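What Swiss-Prot annotates here:
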BINDING   G643, P644, N645, M646, G647, G648, K649, S650  ATP binding site
Amino acid sequence: MRPIDRQIYRPPDFRTTFLQTADTKDKTKLSTGAAEHTPLMKQFFAAKSDYPDLLLFFRMGDFYELFYDDARKAARLLDITLTQRGSSGGAPIPMAGVPVHAYEGYLARLVALGESVAICEQIGDPALAKGLVERKVVRIVTPGTVTDEALLDERRDTLLMAISRSKQGYGLAWADLAGGRFLVNEVDSVDALEAEIARLEPAELLVPDEDNWPEFLRGRVGVRRRPPWLFDADSGRRQLLAFFKLHDLSGFGIDDKPCATAAAGALLGYVEETQKQRLPHLTSIAMEVASEAISMNAATRRHLELDTRVDGDTRNTLLGVLDSTVTPMGGRLLRRWLHRPLRLREVLVQRHHAVGSLIDTGADTDVREAFRALGDLERILTRVALRSARPRDFSTLRDGLALLPKVRTILAPLDSPRLQTLYAELGEHDATAHLLISAVAEQPPLKFSDGGVIATGYDADLDELRRLSTNADQFLIDLEQRERASSGIATLKVGYNRVHGYYIEISKGQAEKAPLHYSRRQTLTNAERYITEELKSFEDKVLSARERSLSREKLLYEGLLDALGGELEGLKRCASALSELDVLAGFAERAQALDWSQPELESAPCLHIERGRHPVVEAVRDQPFEPNDLDLHPDRRMLVITGPNMGGKSTYMRQNALIVLLAHIGSYVPASRAVIGPIDRILTRIGAGDDLARGQSTFMVEMAETSYILHHATPQSLVLMDEIGRGTSTYDGLALADAVARHLAHTNRCYTLFATHYFELTALADASHAGGGSGIANVHLDAVEHGERLVFMHAVKDGPANRSFGLQVAALAGLPKAAVQQARRRLAELEQRGGDSHAAEMAPAALDAPQQFGLFTAPSSAAQEALQALDPDELTPKQALEALYRLKALL
């Protein structure tokens, strides 16, 4: 296997060293660095040469040190001190370091920033080494391959993804090493590829080192370019067969998926290369079927704010309202479900029935209460498989398995088919639970090296060795009393430190009374320390017992790992069942707490929602939420929604999309009733800003997202369109909005919620009725003026709006009174000159005719406009004089 990167590493300061020592006689030796660098630096360069693009944590005693460019980079990223460590090769050595006992925190920060780190450990014992202690890279930590608890977000999957491409499209493979999942997929377009990456959000992405990759991948954190030959379908197939010890891949359903196979092989090769060990927890590979899930592109996920708001905040999102899971593994499963709503009606009906059964029996409360003592078994089992489990992983697993009889008792009487399946998948693990109960201490230490991991009574030999250590305390007390009595020194003490071992301490003033058989061991400022033959013999015996005790514990620990390894598959199924049960119980809790109802999934096309609410807006608002209905069917496929800004148009559209999504993950929904027919896609075009990274304006982003919708929407798609055409001129925007609405209604024939400020579009409904049917109807949200206040009703009513209340909203936003007054005057002038442009007076065909609307005919002069903009009551004398000069200049 080749190293991670292909280039050969050269010490970064070689060229500088050569230039700075021009008077050196043998410049050839300097150019290679072999003759001038210290032995330690040679060892560093040898380790670094295999990992030139990774930060190298180089173990030196109690610190991991970084040198040269690594030190500079780490100092900048971690805000640690950049210093120097002498010189080597004729130049100072830049150095930065982190303490070994706290390195995981620094490592987590680097991984979160997309960095990869090679850990170079001291292999030999420094006390026994002659010359340099041996060092070796024993571990590579990359953003997509971490499995340590301290480096992971407990409620989010950490994924490694590989992408291959062919003439037919793209192959994707991704693995959750911390959870033991390995999946593949194939997509046929760049848009579909972007949608999958947006759904999965991989921490690290492997791609062939080639040109012409999609623009959205450029500059993305965590992208690793790899040699193209690693993404070969044939070699990938051989690698998968060897890894899983199989003769063919038909059991995984990927025999006819060469592009996905190529990606999977590249991913597996990278994992084996970086982890430097077997991966027994990856026992299969699954093929995702795109047709089984509702499709949502990146824009839709962003607009609906599933787990992250448009501004990047993770609060007040759908996941924030919905997530009532108790365990981290349940939280991760819920996030996966939320980002991949299913179209499989039977699966969803079973989930809904399970939630209902938990509610009706009150079992959800019992399950959630039991789960409060349940840890993250999924990730613990991964660490068991990788033999990196820590002492408290064993105790957490023990306590989790001890809960199983209680959970099984709760589920046994329930009549839900899905809950009974989960009951069976929990399995019976009494023997494993008993093993851990008898073998693991009640409260084990954090680190294995502290000892005390194995319970007393589990192993007789270990108990005997511990007794030697335990009895040592009493021996030392007795020895101290005897020595005080025999020497006559009342202040004599017996103690121990790690450097000098056991000792007898006598103060300087009493040192002359020390018996002749005392041998001086250490001299302090105020005391002398001694050793006796008896104490030396005891020391050898006790220290030997402690070393042997730790060795015995390690042997027993390895035996526990072996025993658990044989039960791994059943335990993984159990953890998976517990995760799903946690999610379903959370759904039940949310349904009761938030007054949600069970949706009805129909095979006939329809979308009927009664008294629907927006789950997030309702949760964060103090006042009651105004519920609204939605009724779409083959003869009523599009609603043109008009009304004032802030009136609730966007909220109404989003809430219906979220209700559909919630129904398709198995949750109850915020409505009194929801009847939902087949849905294959949710597509949205809601709000936008400039995409500066791609050099796209607001209008360009709007048109790109609209184009995607027009090309992909089907009669089973739900489409939300908000204010199409507002990013350009009035006429262009109106023409585009009209064309898009007609295309969606006549060509795509999808379910569409179309919010607009162009009242002219409300005439489309009249044309629909007159022409016999493109299924367009008008609805509106209204507001009422109460004195100087504007009260938004938030109720959706049939028919078009008669006012937009734009000026009133502007006043609410705090526009200067003069600007609002000028706007009112200008509006009156435009309405007088252009006539009433209400849609009821405008023929639908007008949009097809090559004419202007007369909106801005006979423009006023610049001087008139400037004069109308002035508010004399708000001008100072100086401002009034300046305004007069400006007006004169315009004449």
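Glycine too: its Cβ is placed from the backbone N, Cα and C atoms.
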Candidate with sparsest Cβ neighbourhood (10 Å radius) among P644, G647, G648, the listed binding-site residues: P644
Nonlocal neighbours by CB distance (under 8 Å) for M646 (ATP binding site), same chain, sequence gap 6 or more: F792, V809, L812
CB contacts for S650 (ATP binding site) [other CB atoms within 10 A, all chains]: 20
ATP site shell beyond G643, P644, N645, M646, G647, G648, K649, S650, criterion: Cβ within 8 Å of Cβ centroid: T651, L781, F792
Proximal but sequence-remote residues of the same chain as G643 (ATP binding site) (Cβ under 8 Å, at least 6 apart): K649, H780, L781, D782, A783, A801, S804
Cβ neighbours of N645 (ATP binding site) where a neighbour is any other Cβ within 10 Å: 19
Cβ packing number for K649 (ATP binding site), 10 Å threshold: 27
